[in-house]
């Protein structure tokens, strides 16, 4: 059946989160709570930053953008997984699968690009503090985030179009709990060599180039911090970067494992791939609000003021 001629009646079957029937209720409650906490936590970050003028700075603008992307990212996969668990169904329509794939790639790549942008922001703040306000102007910050959205949309559109051209065998089980590039290529009945090459080069570039830029940024940051004579100054500089580094390590570690490390089609390998996918699609968006708020005094104060109803709309010093 040709990809371009497949209709809404064509369905895929998803492997899901577990093959064990007795685990389904536990998984449903666990992932429901994780989803609610993830959305609520990231939404609180966005609202606290938006309503407190003290946090209207480039660093928090990028953090709010990351929280928005995380809400959309986790909402692309988890609700469908919850519905499938509750209805004891594994099905997803062909159209629904491609739509999920497009938005998953868009918001997932947006996370990657935003983490690189945040590293650049910290590099400018620590290595070029006198020129920080000029370099990271409001206009430039807006352009950076807009460029990230445009690039991620184009990358996602490219991958989705190439998947659309493939043929698929009826009732094939996608070895994951959502529609992703690798699992979809595994169940295709046609030649996927072009898709694999594009995934290797374009997908690899989307992951590795930002990752390398982050590493280079932090090499310069660490070098600059070590030259600070005051121990208190070094501690403050390291503390502003610690949260970001923790998120980068968690997110990129699991993404690189999922996309750049080959796996077989065995049951154990599928379970390992699913576990890696859960880490970067579910766990990382859950932990981001806690990592950034618990390690950041300004963020904790802003959240406290917001929850008490004391918000600051006027620009503070």
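The backbone N, Cα and C atoms fix where each Cβ goes, glycine too.
The transmembrane segment annotation in TrEMBL covers 26-48, 60-79, 99-120, 141-164, 197-216, 237-260, 275-294. Taken from TrEMBL, the feature domain 'G-protein coupled receptors family 1 profile' applies to 41-292.
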Message: Three or more CB pairs closer than 8 Å, sequence separation of 6 or more: does that hold for the transmembrane segment (197-216) against the transmembrane segment (60-79)?
response: no
Message: Which residues of the chain, 6 or more past the ends of the transmembrane segment (26-48), have a CB below 8 A from one of its CBs?
response: 17-18, 55, 63-64, 67-68, 70-71, 74-75, 78-79, 81-82, 85-86, 282-283, 285-286, 288-290, 292-293, 299, 302-303, 305-307
Query: So what pLDDT does the domain 'G-protein coupled receptors family 1 profile' (41-292) average out to?
result: 86
Message: Below 8 Å between Cβ atoms, which of the listed ranges 60-79, 99-120, 141-164, 237-260 makes the most pairs with the transmembrane segment (275-294)?
response: 237-260
